[in-house]
Amino acid sequence: MATKSLMMKPMSRRKSAAKTPKTPKEELNNEDGTQIEQKQKGRGRGGDSRQRVKIRIGGATSASASASAPTSACQDQLLRAFCIDTTKTGVAKLVKDFNETRAASLKATIARTAFDKNMDKNRYKDVVCGDEGRVVLTWPPGHPNDYIHANW
């Protein structure tokens with residue numbers, strides 16, 4: 001009995017998902033002011049291997065961005081001032097301020113009986129669910145658990 005040779009269709013390769021480089025004009029049209037430019041590692045000043053990030057604010061906006069979120073010159077100035085101030089403040093000071101604010105808010109005296117009884121049902125142990133405005137579950141009827149970590 002003669003065997004037939006199987007003819008297989010050659011497999012075709014998928015094209016790469018990488019997009020073709022855009023021209024400067026195309027990039028300018030798609031600029032919405034939120035892009036982040038990153039320098040390559042190891043090419044900083046004095047052989048610094050840390051990655052430096054430069055954030056551009058402002059510039060031309062795309063049609064979709066301006067249609068969904070119109071901004072005025074005043075808003076742009078305020079955003080620029082906020083970003084400059086935040087950058088000057090530095091990460092260490094921002095972390096310190098955050099921790100101080102959080103510590104002060106945790107000291108607040110809020111009735112939290114249900115929160116303390118249901119610690120295993122709380123996603124965040126440091127986000128208190130006060131008893132006064134707590135959402136009480138009423139469904140399904142007759143179910144013994146009425147707790148959900150939610151306030152109104």
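Heads up, the Cβ atoms here are built off N, Cα and C, so glycines get one too.
Nobody curates TrEMBL annotations by hand; they come from automatic prediction.
According to TrEMBL, the protein has these features:
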REGION    1-70  region 'Disordered'
COMPBIAS  60-70  compositional bias 'Low complexity'
DOMAIN    118-152  domain 'Tyrosine-protein phosphatase'
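Sequence-distant contacts of the domain 'Tyrosine-protein phosphatase' (118-152), counting only residues of its own chain at least 6 positions beyond either end whose CB sits under 8 Å from a CB of the stretch, comprise 102, 106, 110-112. Secondary structure counts, DSSP: the domain 'Tyrosine-protein phosphatase' (118-152) has 3 helix, 8 strand, 24 coil. The average pLDDT the prediction assigns to the domain 'Tyrosine-protein phosphatase' (118-152) is 90.
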